[in-house]
């Protein structure tokens, strides 16, 4: 499919000249880049090397094509030939830069005298006063260039021609450029690490969503698929990687006398720019004999076997997806690489997947079972994309939810296949669905699918990488797979992928193929797949289904945490859904019931005095459930006497629904609290973790009030039996539980026993930590328990414990261990230590940029650190926004720092922050609106519930216990 590549003799000659002149160009541009580095990272410059003509940015008139953020449909790329030379050492001005040249072959679809191609932060060599050279291909005659300039706001190289390009003709555009190999984690960037005290530099990429244009000029939209021919020029002792298999590297000598290696790669498959990757490093690798599966990482990490688990599970997960899609793996190789600096968890570059070290590397002596699960699920997520997202790609970013939501859902299927004893199909409810139900219950939420015209700017696109996109996308696709069955879902995926391979789609294309599979297998649905699913993706939110077991009446209503808030976003469906209701009566499964209107009656749901009912079995549906008071009482009675009669997932669901219904003022908060009474008899992880998450909200609201003491006493009483259960199960903490989720629950037992003062817990954790301090080279603390032990010991200690942990963090060679320490350091109760830690967050020598945002949120989660973190980001916002744009999730930062807000004063501070930073919120804008709404909801909730909550907790525990 278009694997051939044509380059004219004239442009080939230009390429040779460009390569010879690369060193001179780099030196000449050093001054330019020294100036550029001090500017806003989000503001590209319009410069060329000294001695050439620089075209100023042309004053724009309204609605000129170059002022629009979407490319016109007049040109279509066929292939790129990109050659890049990254400098892994700074030049005389202390700058890391890369030089390169690129030829893009494109077809003219509609006659035009304008070429728009994306470019951001690149400095171009000028050819006869222009930024590029245009040639015709296959006999086509290329018009001369009239003028060219860089349109900074929309990130275009604009070329106006003296006469039009002809529809149906093919052309090629050559450019030569220099860019900064910055540490901003976007485009072509550098990552650094130390090896035996020696600083090493990696040149690597992160193109998604709109940063391929920072590496070379390109038509940087997902529908502009093309074939890529990549060549990298790099030092000896390094290796070059890209999406495709490489040809035999050759030695070359540059004009400046440098002896280097030139590695060229086979042409890629037809793919989008955001999936392109290229890396220069000195890493080692582990290799599988099957296919061409390699795991790359720092040499020490490979020598220590940290890539072994990833390699072991990659093969089975790939095999699972080949069967699931019924399509062979589309490529010849599967490289996966762990990078010291990486902004996301991982990136599905086709054939060269990039990861944070914590997402790919695993050391069984240091990494926890949670680290292991993270590796398995993220690998599964990225490998799922090799077909769904890469082979077939959505046309525009407004359907990002389909790409990421799907991969999130099936990542649990792939991980479940690779680790069948982990119950991953259950853990998706806890890890993904409960969280997003809380976010999607805000009026500031948004639909899964937006209109294309509403998602234009890069900041609009970046804002879509949120909990709604990933988690809700996964939840509604899981619901769909459930009611049409997983086999039918898989069949529909197969025909969808077959029809659209190497092409682009919209979400309706998937609905069409799933409908074909439904029709073929005779599955009954009350409406078409599209009619059912459009209500879940085209309007925000979800329903609460209220079942009256006295009458069988079933009602749906848009669920909002703040029931008094108004919804300003209109819906064509009036916020009603077609709801698949699965349910059990007295433990026995009943026929699925479709709620197709706002209200309906199901006589089978009318119960006798001794009957009980639970709806939404295993949380397969994306909705909450409320009941009449009698059924709630019967469920509480059942939990208190025979809790195992209710399925485990639904025990967690009852807790989560009750607490959220109480926040929405639909039931009493004391009823929600009563759903935790049975936990004294519960030993399963998912119900416990669900309760802890919901009770954590009470801590956020009340840990600075008189409610705190009685609340601590109650939870102490509930968790002490769990602590003793695991003390026995582990033979006094000397063994690791066999079950995957038991290992998680052991952590809960110790964490909350220490938090609430269960006798013996703090002594246990501080003793383990002191033993480690006395013998730093021999850490005998169980890997699973390290996070909670470190946190509790640092909280109980002072500067000595903190400094020890900081030293261990700085010297950690295993990323997952460093991450545990990074988080635990935020647990100190000393304000001055937390303030010092906050300052470290914006010093890349102390804390990597990729970790800065998360660390600030960790500090904010500490009651002592919350106000400190909020003051810090307000004072440093200019620096954070401008210097950390590549490594920060601004939305998650705002969300994490403001979770505890519940006062009028804090609400006004948020409003002031919004006013002060209106022009530089970027992807944080939506999260700021959610924070404002959540703060208002918290304020109302505290006023309404503080006294009854205090009274309830007090009634549960004798006064002497707190």
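Just so you know, glycine gets a Cβ as well, placed from its N, Cα and C.
Per TrEMBL, active site, proton acceptor is recorded for 382. Listed in sequence order, 336, 346, 347, 348, 353, 355, 407 are the same-chain residues at least 6 apart in sequence whose CB falls under 8 Å from the CB of residue 382 (active site, proton acceptor).
Per TrEMBL, the feature Zn(2+) binding site maps to 381, 385, 404. Sequence-distant contacts of residue 404 (Zn(2+) binding site), defined by Cβ-Cβ distance under 8 angstroms and a gap of at least six in the same chain, are 465, 469, 470, 473.
What TrEMBL lists as compositional bias 'Low complexity' is 44-66.
The domain 'Aminopeptidase N-like N-terminal' feature in TrEMBL is assigned to 77-275.
According to TrEMBL, the feature domain 'Peptidase M1 membrane alanine aminopeptidase' maps to 309-536.
TrEMBL lists 612-936 with the feature domain 'ERAP1-like C-terminal'.
Residues or ranges marked as region 'Disordered' in TrEMBL: 42-66.
Using a 10 Å radius centred on the Cβ of residue 470 (site 'Transition state stabilizer') and all shown protein chains, the other Cβ atoms total 23. The site 'Transition state stabilizer' feature in TrEMBL is assigned to 470.
According to TrEMBL, the feature transmembrane segment maps to 12-33.
Around residue 381 (Zn(2+) binding site), the same-chain residues six or more apart in sequence whose CB sits under 8 Å from its CB are 346, 348, 407, 408, 411, listed in sequence order. The Zn(2+) site is set by 381, 385, 404; from the centre of their CB atoms, other residues of the chain with a CB within 8 Å are 348, 382, 384, 388, 389, 403, 406, 407, 408, 411. For residue 385 (Zn(2+) binding site), applying a Cβ distance below 8 Å and a minimum sequence separation of six or more within one chain yields 348, 403, 407.
Looking at the domain 'Aminopeptidase N-like N-terminal' (77-275) alone, the prediction's average pLDDT is 97.
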